[in-house]
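Under the heading transmembrane segment, TrEMBL lists 35-52, 58-82, 103-124, 130-149, 156-176, 182-204, 231-247, 253-275, 287-308.
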Amino acid sequence: MERPMIRETMVGSDLSAGSAEKATWRDYLTLTKPGINASNLMAAFAGFWLAGHGQLDLLLLLATLLGTALVIAGGCALNNVIDRDIDPLMSRTQTRPVASGRVRPMVALWFGIGLTLTGFVVLAALVNPLAAFLAMIGHFVYVGIYSLWLKRTTTLNTVVGGISGAVPPMIGWAAVTGSIDPPAWILFTFMFLWQPPHFLALAIRRMEEYRAAGVPMLPVVRGFAETKRQNFLYVAAMVPASLLLVQTGVVGILYLVVATVLGLVYIGLSLEGFFTKDDHRWGERMFFYSLVYLTAMLLVMIVDPLLMS
């Protein structure tokens, strides 16, 4: 049984504390975590593209991506506020605008709320209520369940938090169809299963930082052996799940070939972890490949329908 490593959140403390330096526009951009936002928007576009069978309603697409980007940006800004006590303890996060004092917590809080509400309005008014509702679910899981609660209490943090990262392609699909059809659920499942191996690899790379910050990531609490076992199980489940998309008819032979090859490489790399003598090096390779894999998978989802039409 795992022993939770709980570190008290500072959300309830004085949000106006600190003597922030003058913030620049780059600081506010950094609050929104552009890298995370970009990958999520790519997933949302893939869902939108597949739902439209390669046909684009440009205005609807722009509204969908804008609304989704604003909601994600708002959630990321709020995460900066929530994590301002532990971010300074990790080299990966210690320069974030709130943690470093460049943006006051209260300013970041209202900035995040404003972005979030604006995103919801854009999706509800210019796209459809279902897209807005899905965005609301993803936002609530990321901010309310993951950031405020599970991140500091259990190794299941990244598993449950993965729900939020799996929602964007569903938003894209729902924007076009107004419904959640089997391909959307397959996209959700694929993205959900991708999250744990990605973040477990990050946790292996940054294990001592997570330990110092009191964040109960799996390698910290259960060790490398259990982390590798769970990593393999998620990858082994994700690869066949990704191939189910072919059965729906929204993608064809190119996707099947590319997804199979990329998936087999991922499984092989995951299995390598059981035999490696350098866990940290293996974690770095897994983390890098997880990004390459997701990017390539989303790209082939976009390219394949063009060849089918």
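The backbone N, Cα and C atoms fix where each Cβ goes, glycine too.
As the structure is a computational prediction, the values presented were derived from the model and not from experiment.
Counting same-chain residues at least six beyond the ends of the transmembrane segment (103-124), those with a Cβ under 8 angstroms from any Cβ of the stretch are 15-18, 20, 23, 27-28, 31-32, 63-64, 66-78, 80-81, 84, 97, 131-132, 135-136, 139, 171. Recorded stretches compared: 58-82, 156-176, 287-308; the one with the most Cβ pairs under 8 Å to the transmembrane segment (253-275) is 287-308.
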